[in-house]
Every structure is written in C-alpha cells, then in structure tokens.
Amino acid sequence: MRVSEPSDVVIRSDDTCHIHLTWSGSERRSAAKQHARKVAMKLGVSSGLIYLVGQPTVNWGDSDQPQPFRQRRYFYYLSGIDEPDCYLTYDIQADLLTLYVPDFDLRRAVWMGPTLTIEEAHKQSDVDRVNFFAALQHDLEWWTTKNKGTRPIYVLHDSQQPLIPSKRLWLDNERLLPAMNAARVIKDEYELRMIRQANYISGLAHRKILEDIHRMSTEAEIESSFLATCVSHGAKNQSYAIIAGSGENAAVLHYVKNNEPLDGRQLVCLDAGAEWRCYASDVTRTIPLWTDWPSERARNIYRVVEEMQEECIRRIRKGVRFRDLQLLAHDIAIKGLQKLDILTNDCTSAIYESGASAVFFPHGLGHHVGLEVHDVSKRPITALDGNQANWGNHNFVPLLTDSSWSVPLLDEGMVVTIEPGIYFNRLALLNAQNQPLAKYINFDEAEKYIPIGGVRIEDDILVTAKGYENLTTAPKGEEMLEIIRRGIDNS
C-alpha cells in the first residue's frame, strides 16, 4: 500500500496491531526545544550557551561534486533540521533556542533551489528563533560581551568552537558530549513516532521481498527491491548499508557486496532498515530460498536462533541488565548446538568461558537505536568494550565484565535491538581448530552447516513501563514462510 502520510504501526507484546495513518501538523515538528532543556538538565547547569555546528556542504576530494549530505546527529537532536550549513545556539538561562540558516544566495537558488527559509524552519522545528547566518557572529559576540567570560560556551569538539575575537572566552569541550549521550538514550514520543515509521516502511520492504523472492536470481535484486520500496514510501535514505548475503555470505556479519547469484544456495540473510527523518530502524530476517526450509539443518539453526530471540525479548523490562540477556542467548545457543552435536555435551559455562560459543555467535546481542543505528548512550549497553567480542582476541571470547555495579540497566524509553545469530564462517572455524576451545567443537559436524552460512533475526524493542513493545513489523517465522508460498501461488 502506498501511503501519502506517515503511519504509526505498533506491534505490542500482546500481538495486537495498531495503525494510525494521519498526523497533525504539530506532530510533524521536531521536539528540539524539549531536547535542549533535557540536555541542559543532564549538564546540571542553569546558565551557559550550547553551540552546535551542522554538517557543512563538502565536495569530494579533487572534484566539484558534493558528497551526499548527512546531518550531524547531535545537531539534529537539538534542531530537527535536516539541511546543510546551519548553526544553533541555546542560551540555557534565557531558555532561548536559536537556529541559523544559510543566507539567501540567488545563484544557488537558480541552480539548486532556494535554501531553507525562516518560515520553513519554523514549520519543521519548534526552535524559538530562526535567523540568517549573517547574524550569528554578532549574536555570539553580544552574548560573550554580556557575560564577560563568567559563563561557558559548551561545544562538542575543539574543531567546532565559534570564532570569537575575545580574550575572555570560556569554552567547555568536555561536558556537552556525555550530557547529550545521556539525553539521547531515552526516547520521547516524537522520536518513537519516527522510529515506528522507519520500522513500518522497512516492514513493507521486507514483505515485498518475501512476495517476490521466488523471482529473484541475485543478491543485487534483493537490495534493489528493498531500496525501491523504501524510496517509494518517502524513505530515501537507509540507516546503514544493506546486507543481502546468500549462502556462505550469510556468515559474514557485515557483507555488503551483494553481487552474487542465489542459485544453489539455501538462505539469504537480509539486514536492512530504512531511515525516517534521520531516525533509524535496524531489521534482520533470514529467508529460505525455497518454498519451505531447504534442509533440515537450515530449519534447525533457524529454530535455535528463533528461540534465542523470543526468550530474550520476553524478558525485556525496566531494570533488567542487558548483559544477562546476552548470557541467556549464549546459553540457549550452546544447548541448541549441543542437541545438533555441533558442541560437546560439556558444562555450558565451561563452553561459554572457553569462547567456543562465540565462534558461532561472535557479536553482541544488541545495541541502542535512535538517530544512529548504533545509537549513543552514557555507557555501553552490555558493559562490553565497544559492545562487541574482542576481535583482537582470536578466541572470540566476549569481554563481559563481572562487575555488576558497572553494568547499565534497561530503562523506560530505551529502544534496543535483539539480534541473536548463529553462523558457520569457514575462516572462524578454521581458526578455532588451533585454539584450546577446539575440544568443545565437533568440526566434522559443524562443517556440514557451512553451506547454510548463518541465521540472524533482529527486531527493535522499546522498553516500556510494564515490559516491552516490539516496533518491528517485518514478517518472520511461519508468517514469513506463508508469504513466500502465497507469492509463488499468485505468480
């Protein structure tokens, strides 16, 4: 269905579906002012000036062609403006949020169309004032002179500080970034509407591929279909590069070449999510390239990953340690692989501590989602260094801290992914044979699964006051198989 207005599609933990096809004009405006106040609260100050620089127009090296524009996400959080060459200030004491847009340029307007006007900016954002860039320098000097260096100007980085000819300038480049990270990790209603819409469009694109997969012959066709559906529904940008890995490519976590044929392969791992007004979705589905599971091995691995995801999602609620869900996912993976004779029947904790399960499940269970697909937070969600396995350690043992106090808890308003996976990567298995953990792996049996590649299932989950809400609408499991069958029957 082609929609002319954004839609809210919500799949809640009780499996009910709610669809709203219209928004009021006020709902289209960003929540920039609310975000600015939230950041000031996280800073813990009552005065000072926040100064942010938007993404400038930049050409490719040795070229007159501009690089694709992508707004700086911290700037968007406080402005709601997705246009280049803008600036922003927030006077904390005066509670005054001011946006500066590019000056009118007739030549540019003739060639490229006019830049953002003051009136248009007010329609898009709830900032207090909008001025042209020409006023920025004067306003900054006026504020600095007025405060005589007694109040700081907060900037994200040294490279983004204002050029003010003053010897009494007080710049703080340390406190703003962590304050904004702490603010961004909890999403408000405006942000949730954006993330729901991104998921809704992603769901349409995933569904379209399921309907047509029997006609497709290459990974590139899958990618192009996903892009076409997203763009036709107003989502021109993707949250990240599309991953459409078939066969052994499904075992490469960030495979983005998407240039090989599907013929003779069992599964395709499709990791693709649309972006809506700078907010991300992150969705993965593993699709059989047959009317049903192409092999018992493929079905069995899918079922293990399905259980990993369902059990972890079921336990999401405020106050839960995400680290514990990561451990639960590994426990389910180990027991599932033991039943398939891929791992030995030793103690699950010994297998986990050896790193043997990480040969098959080498990444974190999930991450925050928001303005970035791997969104910011005050601390890593699993207390992992970088929220990943230690890739410098060839044993692939995840660095999970044992210090309970340092592990962050899930909180209401967080949006996190639950994305377990099991992979049979030829290089990872070859490397594991030379490690102490090899005693826990039946390599002869594991190698039989290499043609499957890997299985990953990923949804975006909102932590609510009473539990969770699944924001992802893309079909999976039996619903996915039924859509594939109907597509063949209707062709």
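Glycine too: its Cβ is placed from the backbone N, Cα and C atoms.
Model, not experiment: these values are computed from the prediction.
Positions annotated as Mn(2+) 2 binding site by Swiss-Prot: Asp271, Asp282, Glu458. Asp271 (Mn(2+) 2 binding site) falls within a strand segment according to DSSP.
The annotation Mn(2+) 1 binding site is assigned in Swiss-Prot to Asp282, Glu419, Glu458 on the grounds of similarity to another entry. Using a 10 Å Cβ-Cβ cutoff, Asp282 (Mn(2+) 2 binding site) registers 28 neighbours.
Remark: Glu458 (Mn(2+) 2 binding site) has Asp271, Asp282, Val283, Thr284, Arg285, Gln309, Gly366, Thr417, Ile418, Glu419, Thr472 as non-local neighbours, by Cβ distance under 8 Å and separation of at least 6 in sequence.
Taking the centroid of the Cβ atoms of Asp271, Asp282, Glu458 as the Mn(2+) 2 site, the other same-chain residues with Cβ within 8 Å of it are Ala272, Gly273, Val283, Thr284, Thr417, Glu419, Arg456. Sequence-ordered, the extra residues of this chain that approach the Mn(2+) 1 site, with Cβ no more than 8 Å from the Cβ center of Asp282, Glu419, Glu458, are Asp271, Gly273, Val283, Thr284, Gly366, Thr417, Ile418, Arg456, Ile457, Asp459, Asp460.
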